[in-house]
Every structure is written in structure tokens, then in C-alpha cells.
Amino acid sequence: MRIAPARCALGCSRIWTSATKASRHSAAAAAASSHAQPRGPARSPRRAAVRCAAMAPPAPEQVSANKQYGGWNRRYKHASSALGCDMTFTVYSPPAAEAGGKVPVVWWLSGLTCTDENVIQKSGAQRGCARHGIAFVAPDTSPRGLGVEGEADSWDFGVGAGFYINATVDKWRNWRMYDYITQELPALLAAHFPKLDTGNTSIMGHSMGGHGALTIALKNPGAFKAVSAFAPICNPVNVPWGQKAFSGYLGDADKEGWKQHDASELLAAYKGPKFPLLVDTGSGDSFLQRELRPEALEAAAARSGFPLTSRMQDGYDHSYFFISTFMDEHIDFHAAALKAE
């Protein structure tokens with residue numbers, strides 16, 4: 001089930017669609033994509049723009065900056081209304097953006113136990129992004145610091161394990177990573193990062209984040225120019241990681257509904273516009289058969305006629321040693337789509 005985007009008086013969209021076309025409005029207008037169309041008499045575009053600007057999200061606080069490949073890794077903190085806590089994210093701004101140009105964006109979604117810093121420090125993604133003139137955005141993986149009972153009892157559930165879904169079980173009501181990634185953070189970037197072309201984006205991720213990248217793209221047809229994943233959880237309704245997360249966050253009353261958060265189930269039924277899709281998995285990954293199951297995604301792509309490129313990389317495991325080896329190829333893959341006419 002796809003959430004219908006709400007719109008403000010200027011037509012700003014609330015979630016990913018070509019809608020992060022919001023960048024074509026003023027940055028302030030784009031940021032107001034979090035409110036619904038006003039009731040009452042029609043407003044003039046100028047008055048609507050003032051209303052949007054007034055509701056723009058507050059600017060995030062920069063907490064660190066490190067230069068790399070001529071660009072900058074800048075880490076930020078902000079108060080998240082979707083999650084009810086402070087959140088961090090990192091943006092790598094390539095030299096092209098530092099020189100004043102507007103650049104496309106690759107989103108990265110990280111895996112279990114990670115923060116935004118793992119990929120920034122270990123993957124080498126910045127090298128390819130600098131070469132191609134692409135920004136790289138890395139959010140955190142869950143709410144933090146809420147003090148929910150049991151939130152840190154397991155490494156694969158709770159803190160560091162948001163699974164990029166919206167929890168429906170009341171205890172975990174702050175675990176709304178789908179809304180955070182598809183609505184709140186894009187609006188924040190559109191409002192306060194004018195050098196990012198938030199209407200020209202692609203998405204990628206690792207493990208739990210690979211699951212997130214795949215499902216978010218499949219739920220929002222046309223939103224992303226390309227999608228790729230390293231060792232994604234391809235069929236979570238049938239593996240322990242996914243079953244634990246979905247049972248905890250969504251409850252057991254509607255297990256059929258879990259399929260709406262499963263990339264293989266979504267891809268098998270997908271009817272939207274095709275996009276380039278690349279998946280790399282290591283044959284030496286200890287989670288390959290128990291948790292990842294790329295064969296389920298391959299079978300789903302075959303059923304729906306989707307042009308999936310799924311590669312098994314001999315001997316590689318689940319770590320950033322694997323990710324860093326093939327990261328340049330993935331950034332090249334995204335650059336080709338983002339720069340296509």
C-alpha cells in the first residue's frame with residue numbers, strides 16, 4: 001500500500017516522488033512539504049510561499065567537518081519530529097558543490113548496529129562521489145536515547161535496528177524510520193541544503209539498509225533514478241531478522257501485512273516504471289542462506305520481468321571490506337543514472 005502524498009498550496013509533495021521536485025520550488029517552500037493543503041479560500045502563490053517558509057523545519061546543527069577528496073564530510077544533529085528524539089546524519093559534499101554547483105544525491109541506508117558514521121569512515125564512497133560530482137547522504141538507523149524498556153537488549157532489534165518501517169505496536173511508536181527517511185529528512189535537506197538537487201536522487205544500502213533501499217524505492221515508483229544494495233535482506237518475512245523485527249514493530253495479528261515491507265514480495269507484484277537495480281552479495285557471507293536469500297529477489301524479478309542485476313562475489317563476507325571493494329562500481333552505477341538525459 002502506497003501512502004498518497006499530501007501537498008501544500010504550492011504543490012510541494014510530502015514523500016519521495018519525482019517530488020522531491022520540491023527542489024524546483026524555493027528551498028523554503030519545499031521544506032513545507034510536511035503540512036497539508038490549507039482549507040478555505042484559495043491563496044495567492046506569494047502568500048502560500050510565505051506560509052510555507054514560516055513552517056520550514058529548523059536548520060540542523062553542524063557537529064563536525066572533515067575534508068576528503070576535495071569535498072567535505074559534514075555531520076549534523078537535529079530534533080526529529082517523526083522519531084521524537086535528536087538524530088544525526090552526515091552529508092558528503094563533493095568539490096563541485098563546494099565550488100557553487102548544484103549536485104545530485106545518493107542516499108545510503110546502513111545496516112544493523114550502524115550509525116551514519118560507519119559508511120562515512122569505512123566505505124570510501126566519497127572518492128567516486130568527488131569524481132562524479134555527487135552528494136552522499138547517510139542517516140542514522142533508528143531513534144536513540146528514548147529510554148524505551150528493552151530498546152538495547154538485542155543488537156538486531158530496537159536501537160540501531162529501525163528496519164526503515166513505521167512501527168504500529170504502541171511501545172515502539174517512535175520507531176518511524178520510513179517517515180523519517182521518506183518525508184522528514186528530505187524536507188530538511190530541501191530547506192537548508194540548496195546545493196543538493198533533491199529532485200535528482202538514487203538510493204543504496206547494506207543488509208538491513210539494503211532491505212530499506214529496495215522497499216522504499218518499490219513503494220515510491222519513479223522517485224529514484226537507480227537503486228543498489230550490498231547483501232540486502234531480500235525476503236524478511238521468511239528469515240529470523242525480519243520476523244523478529246516485524247513481530248516486534250508490527251505485531252503478529254496481520255502477518256500477511258508484513259509482505260508490504262518485503263522486497264521480494266513487492267518486486268514480484270511491481271507494476272511501476274523500471275529503474276536500474278544492482279545487488280551484490282558475497283559467497284563467503286555467513287548470513288547468506290539464513291538471513292539474506294538473494295535467490296528470492298531474483299525469482300521475484302523473473303516473475304515480474306524486472307531487469308535486476310544480481311551478482312555473487314566470490315569469497316566476500318558481510319563486512320565493510322566487501323563494501324569498500326565494490327563501492328566505486330556502485331557509485332559509477334548511480335552516476336550513470338543520475339547524469340542520464
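Quick reminder: no glycine exception, Cβ is built from N, Cα and C everywhere.
Any TrEMBL annotation is an automated prediction that lacks curation.
Around the Cβ of Ser207 (active site, charge relay system), a 10 Å sphere holds 25 further Cβ atoms from the protein chains shown. Here TrEMBL flags Ser207 (among others) as active site, charge relay system.
Taking Cβ-Cβ distances under 8 Å and a sequence separation of 6 or more, the neighbours of Asp285 (active site, charge relay system) in its chain are Ala231, Leu292, Tyr316, Asp317, His318, Phe322. Among the features that TrEMBL reports, active site, charge relay system is placed at Asp285 (among others).
Neighbour count (other Cβ atoms within 10 Å of the Cβ, all protein chains): 21 for His318 (active site, charge relay system). As annotated by TrEMBL, active site, charge relay system applies to His318 (among others).
The compositional bias 'Low complexity' annotation in TrEMBL covers 27-43.
As annotated by TrEMBL, region 'Disordered' applies to 27-47.
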